[in-house]
Amino acid sequence: MPDRFGSLRTRLALLYSIVLFALAAVMVGGIYLGLSRALSDEPMSRLARFEQLVAEDGVDQPSLAPDDHLDRPWLVIFEAEVNRRALERLRAYSFTALGGLFLGSIAVGWYVAGLVLRPIGRISAVAREITATDLSRRIDLGGSSDELRDLADTFDEMLGRLDESFEGQRRFVQEASHELRNPLAVLRTNLDVVMADPDAGPEDFRAAGLVAVRAAERMSVLVDDLLLYAHHERPDSRREPIDLGTVVAETVEDFVAAASRDGVGLDHDRSTGLDVVGDAAALRRAIANLLSNAIRVSDSGGRVRVTTGRDDEMVWASVVDDGPGLPIDHLDRVFQRFWRGDRASAREAGRSGLGLAIVRQIAEGHGGRATVRSTVGDGATFTLWLPRYVDA
């Protein structure tokens with residue numbers, strides 16, 4: 001209906017009334033026409049019956065007076081007049097009833113439309129109260145399961161996802177700010193100390209400069225990893241069928257020299273038929289992070305083993321080290337952002353604490369997962385699981 005009729009509630013009420021009025025008018029009109037036709041035919045049928053009875057009995061038909069202007073018996077004329085008046089009264093009553101029905105239907109339609117639209121008003125009220133800093137409100141409509149209940153539940157689920165996303169972003173900004181503040185504090189403190197010392201010589205300035213360089217390098221690594229994390233947090237459309245075995249083999253070759261420099265052996269058992277759909281560069285980054293972590297925690301003379309395989313549904317790549325392992329209470333936190341087993345040594349080495357978080361993010365972005373198994377003193381096994389691609 002046109003927008004000039006105002007709110008949706010008004011339009012629904014008018015629509016209900018018009019539809020009900022039209023149906024009632026058709027029904028009353030049909031009754032009126034049917035009754036009118038039946039009454040108009042009835043006098044003539046009775047007259048024919050009257051003439052038939054007179055003819056059978058041999059009685060002469062009564063004659064009408066000249067002023068009657070009709071050739072029918074007075075009884076038929078009287079009955080026709082009664083029928084006419086009855087039809088007129090029926091017509092008047094019908095018009096009155098239809099008018100009252102129309103007005104009553106508007107009131108009932110207005111009330112019913114209000115009941116139907118009340119949940120929508122509640123949804124609108126909650127939506128107006130929601131702000132970017134407070135997504136904790138929920139509609140929680142309740143009641144019977146219907147289309148409006150489904151709409152409210154879907155809206156609540158969307159709010160839950162948005163709340164989780166915004167909360168994750170807030171935590172990420174806080175954690176990133178904290179991690180950037182540490183090297184900045186080191187840099188500024190050392191520069192302030194040497195600048196405030198009137199007896200500082202070239203060696204003092206050189207030492208402060210070396211500290212500043214290391215702090216800048218740590219910030220550079222952190223910023224690069226932050227950019228990578230933010231990049232992999234967005235859906236990537238560069239997905240195509242690839243062989244995970246090839247990606248793993250190429251990445252292992254890239255780390256042979258680094259492992260040899262640290263005195264760590266690197267073994268690789270390659271498998272075939274490891275087809276997945278994904279971003280080759282992102283998967284290479286995930287495997288590289290796992291290898292870098294394994295080589296770092298392994299002592300000189302240790303070995304890192306890379307294995308791959310598949311089952312009916314998943315393809316996997318595992319990186320096994322013989323480092324110190326992880327306590328059981330660390331297994332649930334190892335893939336969290338900025339987690340470090342030894343925070344002091346990690347900062348000293350310039351690690352950002354985002355490497356394993358990026359691995360998990362890449363895995364989940366490909367519909368898979370990242371897992372870890374470890375025992376203290378017996379190394380750790382990190383596994384990247386991805387859905388297997390089967391060409392139809």
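Cβ coordinates are placed from backbone N, Cα and C, and glycine is handled just like the others.
Automatic, uncurated: that is what TrEMBL annotation is.
Going by TrEMBL, these are the annotated features:
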| type | residues | note |
| --- | --- | --- |
| DOMAIN | 114-167 | domain 'HAMP' |
| DOMAIN | 175-390 | domain 'Histidine kinase' |
| TRANSMEM | 12-35 | transmembrane segment |
| TRANSMEM | 92-113 | transmembrane segment |
Tertiary contacts of the transmembrane segment (12-35), as residues 6+ beyond its ends and Cβ separation under 8 Å:
1, 5, 87, 90-91, 94, 97-98, 101-102, 105-106, 108-110, 112-113, 116-117
Within the predicted model, mean pLDDT of the domain 'HAMP' (114-167):
77
DSSP helix/strand/coil residue counts for the domain 'HAMP' (114-167):
37 helix, 2 strand, 15 coil
